[in-house]
Amino acid sequence: MIDTLRPVPFASEMAICKTVSWLNEQLELGNERLLLMDCRPQELYESSHIESAINVAIPGIMLRRLQKGNLPVRALFTRCEDRDRFTRRCGTDTVVLYDENSSDWNENTGGESVLGLLLKKLKDEGCRAFYLEGGFSKFQAEFALHCETNLDGSCSSSSPPLPVLGLGGLRISSDSSSDIESDLDRDPNSATDSDGSPLSNSQPSFPVEILPFLYLGCAKDSTNLDVLEEFGIKYILNVTPNLPNLFENAGEFKYKQIPISDHWSQNLSQFFPEAISFIDEARGKNCGVLVHCLAGISRSVTVTVAYLMQKLNLSMNDAYDIVKMKKSNISPNFNFMGQLLDFERTLGLSSPCDNRVPTPQLYFTTPSNQNVYQVDSLQST
């Protein structure tokens, strides 16, 4: 098969594109000297990508540094294994970059685009770099068998589809304990109150200010550089085991990652002291701190409530109610609530008498000691 090569001018360089047919042939042949780089936003990559591709989404702050020429391409990878793979192979492999749809890329801004900038930088570093004509959308339309999709296809056909999060179209699975597929960190727009009634869909689109320096948010908030700058956030507490710290290599943010999934077996309370210390460090430096998990309604809420309990000497109920007044769709899993009850006892705090109307009793256990607790409704409206 003859590969179609099309010259694409940018700056003073000449880039070459590869066709989707050529790429399909290389994948069919099992070409091990092929390095695919997906230049789309991470949520699109997580949703679906060409097999074996590694993601190289570029935040605005790092794009500016790349334009200035003082940042190597390897620094753009958020995962160590991707960075190592690129470093080992970029000098010998054929590097092919793709975005969502690059068929008209050469007619637009050329070197001002992300593809143009990356191609020039890769060639400057001695790589044999090309871009994929038509991008991911064209390849997926013609050769879907060589695309990896993160939708859960194991559900019975008779079962209704589960909610799909806005973060890259990841489908939530109720029978998986993995972080991304946890049914407990569910779509905020589908959250329900303690009586099962739907909460308002008019939830804040930005992180919620709990205290003047403390913000509660979701994964999307942690990737929005404009939002982080607007709220003066320089510290980011990531309460997930596998969501990347997107701006870690930029050097302008301090991260702490708590590797906890939203599952009944997880002991989040063991991380309370270091999480509280991290938040206090941000406060001491007059910086904003964002506490986030995936959907911003379970793990990050638990940590935020624990912080309020310790620093403001509040009972679990009172601290929970403060957070709920700020963000009505919070919903920590019951075992995390049990750990907060343990934490309340450790702090020597006690909840005041609750005069609210009784609701059906709920029970949960904590993974640390397997005690069983009876819980009244913690939701106040």
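Heads up, the Cβ atoms here are built off N, Cα and C, so glycines get one too.
Some features that Swiss-Prot has for this protein:
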- 30-148: domain 'Rhodanese' (DOMAIN)
- 176-203: region 'Disordered' (REGION)
- 189-203: compositional bias 'Polar residues' (COMPBIAS)
- 206-349: domain 'Tyrosine-protein phosphatase' (DOMAIN)
- Cys293: active site, phosphocysteine intermediate (ACT_SITE)
Original post:
How many neighbouring Cβ atoms, not counting its own, are there within 10 Å of the Cβ of the residue listed as 'active site, phosphocysteine intermediate'?
Top reply: 30
Original post:
In the domain 'Tyrosine-protein phosphatase' (206-349), how many residues does DSSP assign to helix, to strand and to coil?
Top reply: 68 helix, 23 strand, 53 coil
**OP:** Please give the average pLDDT for the domain 'Tyrosine-protein phosphatase' (206-349) in this predicted model.
**Re:** 92
